[in-house]
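Database features (TrEMBL):
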type	residues	note
DOMAIN	207-338	domain 'GGDEF'
TRANSMEM	16-37	transmembrane segment
TRANSMEM	43-61	transmembrane segment
TRANSMEM	68-88	transmembrane segment
TRANSMEM	94-111	transmembrane segment
TRANSMEM	118-135	transmembrane segment
TRANSMEM	147-166	transmembrane segment
Amino acid sequence: MRRILGVSKGNKKLTLAVYLTLIGFIFLTALGFISWHNGNIRTSSTLFTAVFFGVINLYLLNTKYRDFTRYILSIIVALMGLSLLAFGGQDATGYLWTFPLMAMALAVLSVREGMCFAATYLLGSFSVLFLPLGIDSLVHYEPVTATRYFLSAFALCCITLVLVNIQENTNRQLRLKTVKDDLTGLFNRAILDHNTIEQINLARNERSDYLLLIDIDHFKKINDNFGHSTGDEILVILGDILNASMRDSDLAIRWGGEEFLVILQRCPSVHAQKIANQIRIEFEQNERILQLLQRPATLSIGTAATSQNLMFDKALSLADSRLYKAKSEGRNRVVFND
């Protein structure tokens with residue numbers, strides 16, 4: 001149990017899929033045996049089939065395919081729901097179970113994915129309820145019951161999707177608050193959680209991401225001589241320069257104090273060197289800093305790139321050693337190699 005939950009840390013949708021799969025496994029197994037004991041072979045077969053695929057889903061949670069488990073769970077739910085609707089289940093009451101099943105599937109999907117699920121399920125249920133499929137074993141519903149079921153299912157899908165959308169927006173806003181630096185408006189180091197670093201490491205075989213580790217030279221002296229408010233303003237200026245230099249795919253992070261980390265995704269060496277020097281020169285020539293200090297402020301920058309043989313943590317350590325080299329060689333420079 002702990003191992004299974006460990007793979008979904010930091011992914012609430014995946015965590016929810018884990019719990020729902022485990023609960024569904026227990027619940028459906030019990031219902032399957034009850035249906036089998038009551039002689040309802042078709043219903044018990046449907047339930048045990050869902051249990052079988054649920055076991056496969058739990059297994060996939062410990063593999064590199066774990067991100068697909070949400071989709072597999074929703075497919076299981078859709079097929080089981082349509083089966084219960086079509087064949088009736090115990091005493092033709094199986095359709096009553098489709099409502100919690102729909103809500104469960106929509107809860108583990110994003111809004112866009114949920115819309116696809118809802119459209120597919122509603123189309124399937126419409127076919128079962130209203131179209132002459134020519135299958136004798138299908139349950140025949142009265143027109144009023146069929147219409148009310150379809151409208152209720154449609155309403156449930158709409159309401160659930162609205163709630164999922166509200167939840168996603170709320171989570172996104174809370175996430176931004178926790179990963180944003182209040183002073184500079186850049187991301188803070190919390191943005192580099194386990195999932196983000198894992199994605200960078202997985203992509204290193206296909207692309208090269210450049211890391212720029214940036215430090216403001218003699219920043220402590222600036223604070224001591226001009227005050228912390230001036231130091232804060234200089235940090236904000238550097239944050240603005242970094243933001244202006246970034247592409248949509250790049251990350252600019254206040255790493256701590258006067259140290260910043262830039263991640264340039266899919267960036268060739270020549271372009272990374274150009275960006276690093278551009279940041280250094282713009283900061284050195286910034287007019288507002290010249291007014292505040294009556295002299296330029298400078299940056300030291302160490303760089304490194306992820307690759308097939310260099311994971312993120314090692315690349316960051318290499319960038320840090322090159323930053324130290326830039327400091328020891330006189331500051332106000334970019335070091336790209338040892």
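Placement of Cβ uses the backbone N, Cα and C atoms for every residue, glycine included.
Note that this is a predicted model, so its numbers are computed, not measured.
Across the domain 'GGDEF' (207-338), DSSP assigns 66 helix, 31 strand, 35 coil. Of the two recorded stretches, the transmembrane segment (147-166) lies close to the transmembrane segment (94-111), with three or more CB pairs under 8 Å once pairs fewer than 6 apart in sequence are set aside. Looking at which of 16-37, 68-88, 118-135 has the most CB pairs under 8 Å to the transmembrane segment (94-111), the answer is the stretch 68-88. Taking the domain 'GGDEF' (207-338) as a whole, pLDDT averages 92 in the prediction.
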